[in-house]
């Protein structure tokens with residue numbers, strides 16, 4: 001069930017955010033996730049940023065331990081699991097907030113040049129917390145926001161989306177739940193796909209810990225069509 005990968009590269013992405021590249025490529029759809037396990041520590045889900053990369057924010061005991069890994073150390077993984085983003089539309093927006101960049105990064109990289117227009121709208125609390133990787137290389141247009149105005153436009157990505165929504169025939173979103181709720185509201189739950197997050201244990205639809213109404217995020221998501229989430233988010 002698990003495969004053991006070796007960490008080949010670790011680098012800082014933003015404040016308390018690191019990227020880990022390992023020695024094995026995983027066939028995946030942008031938006032899918034893996035379960036990563038450390039013996040004696042536990043297991044957590046992570047969206048794949050690329051076929052050999054995850055991006056991690058330090059938020060608790062597991063990620064703190066993960067941050068100690070160095071080149072040559074081992075990590076146990078299983079997956080990928082779940083449903084990813086569906087390519088749709090001609091003029092699309094990728095809307096992200098905080099650490100929500102990995103699945104959007106994967107989508108942008110895999111679909112570079114396949115849309116008439118692909119716009120990134122991404123925000124974080126401050127310049128130090130921008131976790132962009134090099135996603136700007138794969139999109140046609142990028143608007144960056146920060147809550148405090150320390151980089152890009154002061155404000156929130158959903159404000160930009162509200163101003164420009166008529167430009168897009170499909171929106172892909174990942175980020176904090178309040179942002180996702182705002183995206184769904186701006187889009188009236190139509191022509192939008194969101195990557196949802198819930199506490200997750202098994203990753204395969206058995207334990208039920210990641211329920212979102214009648215859905216299980218690990219099995220039915222983590223990517224959902226907006227119309228399925230009316231009354232749930």
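Cβ atoms here come from the backbone N, Cα and C positions, even for glycine.
These come from Swiss-Prot:
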- 202, 207, 210, 218: [2Fe-2S] cluster binding site (BINDING)
- 1-87: domain 'FAD-binding FR-type' (DOMAIN)
Legend entry - Of 210, 218 (the binding-site residues), the residue whose Cβ has the fewest other Cβ atoms within 10 Å: 210
Inset, instruction - Starting from each candidate's C-beta and looking 10 angstroms out, tell me which of the binding-site residues 202, 207 has the most other C-beta atoms. - result: 202
Inset, instruction - Over the span of the domain 'FAD-binding FR-type' (1-87), count residues by DSSP class, listing helix, strand and coil in order. - result: 6 helix, 47 strand, 34 coil
Inset, instruction - Within the same chain, and leaving aside 202, 207, 210, 218, name every residue whose CB is within 8 angstroms of the centroid of the CB atoms belonging to the recorded [2Fe-2S] cluster site, in sequence order. - result: 200, 201, 203, 204, 205, 206, 208, 209, 216, 217, 219
Legend entry - Mean of pLDDT values spanning the domain 'FAD-binding FR-type' (1-87): 97
